[in-house]
Structures are given as C-alpha cells and as structure tokens.
Amino acid sequence: MDQNKNMVKPITQFACSDCGMTYKKWTGRCDGCGAWNSIQEEVPLSQGPSKKSLGTMKGKRMALTDLTTEETPPQRTLSGLSELDRVLGGGLVPSSATLVGGDPGIGKSTLLLQAAAAFANAGHSVVYVSGEEATAQVRMRAQRLGLGESSVKLAAETNLRDILTTLEAEKPDLCIIDSIQTMWVDTVDSAPGSVSQVRASAHELTTFAKRFGTSVILVGHVTKDGQIAGPRVVEHMVDTVLYFEGERGHQFRILRAVKNRFGPADEIGVFEMTGMGLAEVTNPSALFLGDRDAPAPGSVVFAGIEGTRPLLVEIQALVAPSQLSQPRRAVVGWDGSRLSMILAVLEARTGISFQGLDVYLNVAGGIRISEPAADLAVACALLSAREDASIPPETVVFGELSLSGALRPVSQAENRLKEAAKLGFTAAMAPKGCKTGDAGGMSLRLLPDLITLVGEVFGAG
Ligand SMILES: [Zn+2]
C-alpha cells in the first residue's frame with residue numbers, strides 16, 4: 001500500500017567515472033563508453049523524484065511569450081586573446097558555464113591564468129580559485145608568465161560552501177575553478193573527484209553563474225585510471241565545452257570547442273607553448289607546414305577547414321611489405337575506420353590492393369583532423385606511397401570520397417584555395433563541382449572520380 005516506505009532506504013549505485021553512466025550492479029566494463037575498471041560505487045544525490053505528482057494548483061502561472069518576440073543577442077566579454085575569444089564564439093557570455101578539459105600537464109592552468117589576467121586587464125573583476133595549488137604557487141606561476149601586475153584575485157580552496165559564500169560577496173564577472181575534480185560539497189557523502197561530488201559541485205557552480213550573472217569556467221582533467229571522474233560527466237551541465245589538446249613532444253596546443261550554446265562548435269584556437277606561457281598563433285597553416293621535409297612519396301598537403309578558418313596540414317603515408325598475417329593499419333591524427341574505408345574503396349574501384357602491406361598514416365604536427373574533406377588527400381597520400389610517385393610539392397588536395405569511388409564536392413572550396421595561394425601553393429586537386437570562385441589564381445585539376453585520379457595523376461590503373 002504505502003510505496004514511499006521502500007524509497008527512503010538509501011540505495012547505493014555504481015557509476016562510470018569516464019562517462020557517468022549509472023548501474024545497479026558493479027561491472028568490469030562500461031557499456032556506455034567501453035572503458036575497463038571505470039565503475040565506482042556512488043552514493044546517490046537524492047532519493048530521486050517523488051512518485052506523487054506536483055499537482056496543478058500549487059505553482060505560479062508563468063508568463064508565456066510567442067516566437068516573434070525580439071531576442072537581443074547575449075552581451076560578450078572579450079579577453080583580448082583573439083584565439084580564445086574565437087573559440088568561445090566571440091567572447092565570454094555572462095551567466096554562462098564553460099568547461100575546459102584536457103590531459104593533466106597539457107597547460108590548462110597556464111592558459112586560464114593568462115585568460116584571467118587578460119580579462120582583468122580588460123577591466124573585469126576576476127576570481128581564480130585553485131584547488132590544486134597553494135596561492136603562493138599560483139602567484140609564482142603568474143610572475144613567471146609576466147602577469148604579476150594583474151588584478152586577478154586568488155584563493156586556494158576546495159570547500160564549495162566557502163567558495164560560494166566568497167563569490168556571492170565578491171560578485172565577480174568571471175570565476176575560474178581549477179579544477180572541478182578537487183571541489184567538494186559537504187552535503188554529498190563521497191570523496192572529492194567521485195562522480196557525485198564532481199556533478200554536485202558543477203551543479204552548484206552553474207546555478208551560481210545563472211543567478212548572479214557571473215561567467216564560470218571549470219577546469220576538468222581528463223583522467224585515465226577511473227579513480228577520479230572525468231570532465232565528460234559534467235559536459236551536459238555546462239553551456240560550452242572546450243578541450244585543450246596537444247602532443248607533449250610538440251610546441252603547439254589546440255583549444256577546440258566541442259559544444260557551444262552561444263557559437264559554432266568545432267572552432268579551434270591555436271597556441272604555441274613558449275617560455276613565457278602560451279602565445280597565440282595567428283597563422284596556424286604556416287606553423288603546421290613550417291618544418292616540412294623535401295617532397296617525398298606519400299606526402300600530400302591537405303587544405304582543410306577547422307571551424308571557420310582554413311588550415312593547411314601535411315598528410316603522410318607509408319606503405320611497406322608486411323611480415324604479419326594481419327597487416328598493420330596505424331593512424332595518427334585521423335579516424336582509423338575512415339582509413340579502412342578508403343583502402344576498401346581504392347581496392348574495389350581502382351583494383352589497387354593494399355593486401356600484404358602495412359599502412360601507416362600520420363597527420364604531421366600532431367593535429368587531429370575529422371573532416372571528410374580529407375578523404376582525397378589521404379587517398380592521394382596512400383597512392384603516392386604505394387606507387388612511389390610524389391605529388392608536386394606546390395599542390396594542395398581536398399575532397400570527399402564516396403563508396404562508389406566518385407569524388408564529392410566539399411564546402412568552402414574558395415577559402416581553402418585562398419589560404420593555399422597565400423602560403424605560396426600554385427596548384428590544387430579537388431572534386432568536380434566545387435565552387436572555386438577565381439581559385440586565388442591557382443591552377444585547378446577538378447576530378448570526377450578515383451579512376452580518373454589514378455589514371456591522370458599516377459598513370460596507373
Ligand atoms: Zn563509461
């Protein structure tokens with residue numbers, strides 16, 4: 001009869017620290033993201049919603065508007081770091097919550113300390129709360145970066161109740177929390193870094209942002225071991241999700257928007273790690289092509305678009321006889337299953353087989369490419385490596401490949417060509433039907449399909 005009696009009992013549950021998926025029982029592998037050993041026991045935040053309806057007579061009547069009401073675009077705060085402002089979609093929006101995720105040690109704290117100083121120098125009040133380092137350490141880092149004079153207010157704290165009390169009194173324009181995994185809410189009975197603590201802390205902070213008009217930036221470490229919840233568990237709670245990427249061995253770092261309620265997703269900002277912190281890279285194509293080797297078979301320059309900006313990168317392929325019964329397919333910086341698809345299309349439509357051959361594909365510089373427009377450049381790199389025939393070094397390539405072997409036109413062809421022309425390229429290979437405009441004065445080779453490419457460019461068939 002009385003169903004509520006059963007619900008008061010606190011139920012333990014299990015949650016994946018990678019993606020936040022919850023389970024009734026412990027399992028070794030997460031169904032949500034496939035991670036092993038990432039399931040941790042969690043105490044639920046509440047007993048969940050009550051079975052009884054809220055009823056229709058208890059609330060206040062809301063004011064409803066129609067769709068014709070004029071909406072003013074959100075006001076934006078510019079940091080003056082143009083690469084950061086661009087990724088944010090044209091500056092920071094008040095009352096917004098932004099998550100900046102990335103591997104530990106990649107430079108998130110450096111970037112955000114520089115951003116904090118930039119916003120402070122632009123006349124905004126900024127509070128930087130570090131749960132990772134003492135204020136003296138943060139101050140030393142700031143001085144090393146030449147930011148010692150900025151008016152950023154620092155605190156080293158992890159108790160969210162104290163942080164919120166301080167923020168409520170200060171009412172800053174911007175608050176940076178470094179990192180969300182060190183924060184804890186005293187009403188939640190689990191250790192900092194657990195899925196429930198990270199979620200509860202993020203919820204408190206995003207609610208604070210909405211109520212007081214403060215922009216909140218949360219730093220989240222991408223975790224590997226599953227003991228600590230990763231930034232993915234709060235992605236759905238924030239307005240903007242940025243990931244800070246880069247290879248340890250490379251100087252440059254990329255800030256990539258993967259979700260943005262106030263601007264385009266997929267936008268990237270490029271930075272270079274220097275002794276004085278992160279420097280903006282205003283011409284990333286020049287950076288990525290900077291240390292290009294002499295033209296060799298297997299090397300092709302792809303004219304890509306990242307967000308709203310053209311970006312030239314070198315794609316390298318190596319094809320070698322395999323000693324293995326299952327030849328190797330190794331990809332760095334591109335999608336492995338997309339490589340398999342292109343190899344299959346090449347074999348099926350042109351008869352050029354990669355059987356018994358190891359295939360290595362690398363996007364030079366360590367950047368990750370996700371555009372399908374890179375298909376043709378990858379196919380050219382593979383064919384060039386396989387046939388031992390170089391593509392002329394002053395040529396750029398772009399275009400999407402369909403399973404039939406036809407080449408599909410891609411968007412923003414004119415922008416791709418202009419960027420290539422600006423960097424001294426004189427020729428381009430692209431699918432037939434691309435809107436190329438005046439092509440920036442380049443000589444164009446527009447191809448309908450793979451057969452034509454193989455016949456005309458590689459003289460094979
Ligand atoms: Zn998972």
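The backbone N, Cα and C atoms fix where each Cβ goes, glycine too.
Annotations in TrEMBL come from automatic prediction, not curation.
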Inquiry  = Labelled motif 'RadA KNRFG motif' by TrEMBL, one stretch among 9-13, 94-98, 259-263. Can you tell me which?
reply    = 259-263
Ask   = For the region 'Lon-protease-like' (358-461), what is the mean per-residue pLDDT, to the nearest integer?
value = 89
Inquiry  = For a three-state summary based on DSSP, what are the helix, strand and coil counts in the domain 'RecA family profile 1' (73-222)?
reply    = 62 helix, 31 strand, 57 coil
Message = Cβ within 8 angstroms of the Cβ centroid of Gly102, Asp103, Pro104, Gly105, Ile106, Gly107, Lys108, Ser109: which residues besides those meet this for the ATP site?
response = His221, Phe244
Query = What is the three-state DSSP composition of the region 'Lon-protease-like' (358-461), stated as helix, strand and coil residue counts?
reply = 40 helix, 25 strand, 39 coil
Query = Gly102, Gly105, Gly107: which of these binding-site residues has the highest Cβ count within 10 Å of its own Cβ?
reply = Gly102
